[in-house]
Amino acid sequence: MKTQVVKTFSDNSILASNSDGGTFSRNPSTEQYNEVGIDVGPVEVEGSVSVEESKTAKLCCMELKKRGRDLCRNRFQKKNWERTFPILKWSKEYTLQKLVSDFIAGMTVGLTILPQGLAYATIAGLPPIYGLYSGFVGPFVYILFGSTKVITIGPNAIQCILTYKFTQGKSPQYAVFLCFMTAIVDLVMAVLRLGFIANFISYPVISAFTSAVALTIVATQVRLLLGLPSVGEGFVAALKGLYLHFWDINKWDAIMSLICCTCILLLMKLQWIFKCFTKNSPRWDKFLWVISTSRNAIAITTCTILSASFTETNRPFTIVGPLEPGLPVFTPPPFSIYDNQTSILHTFNDLISEEFTTIFIMALLGVMGHITIAKAFAGSARVDASQEVLSIGIANLISSFFSSMPIAGSFSRTTVNAFSGAESPLGGLITGTMVLLALLFMTPYFYFIPLSSLASVVCASVIFMVDFRIWPMWRSKKPDLLPWSLTFFTTLFVGLEYGILTGLAVSAIFLLYYAARPRVKVLKGVTTLGSEFILVELDRSLTYPSVDYVTDSILKSANRWGDNTTPIVIDCHHIQFVDFTAAKALCDLAQDFKKTEYTCIFWKVKPSVLRVMEGIMDNSHTRFVHCRAEYEMEALVDSARLKTATLEEQE
């Protein structure tokens, strides 16, 4: 029905007429119709949309605006801001006393990271100065994004040895590129909230991998401890190189390494050695703790002074040598690298395709180690895994612009930070500032540092990562020794990336096996009235890998322990979840029982499981028999037995 506009009123209402002679007015502001003549249908104006279409479009627009406002309101809620920037939460309760504690902790960690950073760079096959390039951005970033109070981000042993796998014999630019790509993977994991992936790596795999890595690091540092040339990559190659170059040992480097390692280990146990004298003197105990914590700095400083006392021609030690002074230049990470040795330009795609596995494993192990440290020091507090992944992703991203190698949480420095009394991440401000000051003013003195002293610091730090406490595993869960053994020996004798992949694969197989083999317990039950039934108890939720095993076990139980006159009761108390495949298999099982005149009763079914089961059974001609209470189950069993007895009497 068409209409024609005849007059527009001053109040924006429109007078229209139709072929029947009736008129009506419409007010666009209220979308209400005021009848003037007869009742008419929807108004349609020539050359325009109908009223209903206009109204629908307006409602859709209003709904979109409302959803947009709600989304922005939810996204920018206070709790979301505090989750992304935890500093907004803990800064409200910050006090002067906490500031003093953080200052002391930051100073102590700074004294630890200076020698440790220089030493860890040698593990990565980089000039020692790159250890300090990697040491100042992480503490600054963690102040804003860190969700725990004691973690310190920077170079660590595991990531350094993986970096060495990527950069051996290559330019340091490869390490910077690896840092950038690690950041990208970490940020993708943070955005997709995939921090929980680290939980899929079991403790036996972590223990075996870190133990093998520690032994590999010690083996690769042998050449620096003894003043040997490069002895090869990996544990086996390092031992073979030591055997071949044994007579090339620099005795002065070996003597310094022996003395340095001994002193570091003695200083580590300083409090324990003098505990009899400091039992009633807390101040002296605190003083000894400071000396013990600063052991690496003390050892490096003493060895450097001793090395500098010799003339250039008479110096018997192998030293670090000249380093580029000052702060690293702020520059984007390299996306293509020219190899001077082979005269080949490696493009971004080339670098990705060559080392995709290393990049992924580097990011995964960084996340795994970082979250493990966070949980170890969080106590009863909850650790936001995705937020921690975000913090190390941003730290790596910014660090890659300052010529850094990949970084993450450091267990040794986090331990120092915790025992120094850190109250918040603000201590990282002091730590990062100390690294910057060292780069500005102390670089010339790094020239005289003996490489054997740096290797001693590394070995004394990582040797305690070796964990051979497998007796509790043997006593409690012997099958877990299999992933431990495979991970340990593969990492040690084949390669780091193969070791962790082997551990992940074996752990996944174990997980799938347990998922596919739930425990099925079969019992014979009797009701109050004496009716016998078969009770089948399942100990976990049902998913598609386990359905064949479960249904087969139930059928075998029915055939072995009963006949078609004995009801089957399936106890679903522990089934919290069931997927479509498993629910379909259970429904098929119920139909098979009906064909053989068995009575199948599902007992204690959860409402969420019941909805899935009933949704499938609605399309079949089989009644889904279920109940919640025990008296209901007994009533159904008694009724089935009575029905069977009646049929037998009639026959």
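Heads up, the Cβ atoms here are built off N, Cα and C, so glycines get one too.
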Candidate ranges 225-243, 624-642 [criterion: TrEMBL lists as transmembrane segment]: 225-243
Recorded stretches the transmembrane segment (389-408) and the transmembrane segment (174-194) touching, at least 3 CB pairs under 8 Å: yes
For the transmembrane segment (174-194), sequence-distant contacts whose Cβ falls under 8 Å of one of its Cβ atoms, 6 or more beyond its ends: 124, 126, 130, 134, 163, 166-167, 333-335, 337, 351-352, 355, 358-360, 362-363, 366-367, 386-387, 389-390, 392-397, 399-400, 403-407
Close approaches to the transmembrane segment (200-218) from elsewhere in its chain (Cβ under 8 angstroms; 6 or more beyond its ends): 123, 157-158, 160-161, 234-235, 238, 368, 372, 458-459, 462-468, 473, 480-481, 483-489, 491-492, 496, 499-500, 503-504, 506-508, 510-511
Residues in the domain 'STAS' (534-614) grouped by DSSP into helix, strand and remaining coil: 42 helix, 15 strand, 24 coil
Candidate ranges 99-120, 140-162, 225-243, 428-447 - greatest C-beta contact count to the transmembrane segment (286-310) (under 8 angstroms): 99-120
Intrachain residues whose Cβ lies under 8 Å of the transmembrane segment (140-162), provided they are six or more past its termini: 84-87, 90, 109, 113, 116-117, 120-121, 123-124, 131, 134, 210, 213-214, 216-217, 220, 358, 361-362, 365-366, 369-370, 373-374, 377-378, 381, 383-384, 387-388, 390-392, 394-395, 398, 405-411, 413-414, 417-418, 422-426, 428-429, 431-432, 458, 461-462, 465, 496-497
